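According to TrEMBL:
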type: DISULFID; residues: Cys226-Cys247; note: disulfide bond
type: DISULFID; residues: Cys325-Cys346; note: disulfide bond
type: DOMAIN; residues: 62-178; note: domain 'Ig-like'
type: DOMAIN; residues: 180-275; note: domain 'Link'
type: DOMAIN; residues: 280-372; note: domain 'Link'
Amino acid sequence: MSNAWPLPVLMWAPSRLWGRSRSLPPLVPGGCLHTLLLCHSSLCLHGHIALSSSVGLFNGVKLVVDTPQGTLFSHQGANVTLPCRYHYAPALASPRPVRVKWWKLSENGAPEQDVLVAIGLRHRSFGDYQGRVRLRRDGEREASLEMQDLRLEDSGRYRCEVIDGLEDESGLVELELRGVVFPYQPPQGRYQLNFHEAQQACEEQGAAVASFEQLFRAWEEGLDWCNAGWLQDASVQYPIAQARRPCGGLGLAPGVRSYGSRHRRLHRYDVFCFAAALRGRVYYLEHPEKLTLAEAREACQEDGAQIAKVGQLFAAWKFRGLDRCDAGWLADGSARYPVAHPRPNCGSLEPGVRSFGFPDPQSREYGVYCYRPR
């Protein structure tokens, strides 16, 4: 019988897809040839790689992945490209086949999300990204991700990973949608929402529950609110720009005050929502008469629009400079008006969205704000 080692077939299943684990399969004595099989759903690649205990895969050639340092900003409904390119140092004369993977990192307790994997011209996208993402193909060593029809939940940090054989490198890209944070309480009044109800309330207003980073940025821009509200990570916090006795006391410095994490079902607070910049238009409907809530909805429909949501009104005020001293109905049954340029007889001396609360739906004291998608 021969004493030679048999040629093994190795199936390598890293903890995550393609290169997430850097542990290499064991070397067979004598530096034998291994067959490497990497599979993910319908994407599979078979190849033969010569391994050596003393020589790296590229014999000193390094794989480098380049991604931008700063945050990319966009808005809801837009298309955006997350840049990611790779090269070799020193440069290689001929191209090499690589595999590319994009995924969204875990935030606020949410699981990681696979976005796209690709080998050559073949790719597959996952979950809510299906049909909305693809790799850019306009140059060599390009791994940039093109995203279409951005959604609120697309904000976050994405990792681009390039794999060449057993060598992998990656880079981070941070995407943020421009938006505005606003406090919200339901018609029932203050501190009526558990966490799940808070999520639903924001969604109904064309928004999402704000993250701590979004609330902190809003505080830096001057948001001052004394009622505590849920955030995306199920913590309860509130921003104070001017310290005062009924709002934590005079002895505490301005900042974002925290109650910490609370029980998602048992505890009840208000909520801070985040609405992204709009592609459509919010406007006050010129109408000869004041309207009931039902008449307001119908009037917007007759004008080829729909009654505006609270998040849409805040976004129009923040990013379009909507300024109107007339209170109007909104979709949740509240009556509000936006002031970009404070003036006498138009509310307080600070810019913002003023609220009349939730009037009797049969009241004929208000107009209506409509929203027309682009």
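Placed from the backbone N, Cα and C atoms, the Cβ positions cover glycine too.
Shown here: features listed in TrEMBL, placed on the structure.
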residue: Cys226; record: disulfide bond; DSSP class: coil
residue: Cys247; record: disulfide bond; DSSP class: helix
residue: Cys325; record: disulfide bond; DSSP class: coil
residue: Cys346; record: disulfide bond; DSSP class: coil
Cα separation, Cys247 (disulfide bond) to Cys325 (disulfide bond) (Å, whole number) | 29
Does Cys247 (disulfide bond) have same-chain partners at least 6 apart in sequence with Cβ under 8 Å from its own Cβ, and which are they?
-> Cys226, Ile240
Looking only at the domain 'Link' (180-275), what is the mean pLDDT?
-> 95
Same-chain residues at least 6 apart in sequence whose Cβ lies under 8 Å from Cys346 (disulfide bond) | Cys325, Val339
According to DSSP, how is the domain 'Ig-like' (62-178) divided among helix, strand and coil residues?
-> 6 helix, 60 strand, 51 coil
Cys325 (disulfide bond), Cβ-centred 10 Å count of other Cβ atoms over all protein chains shown, is 14
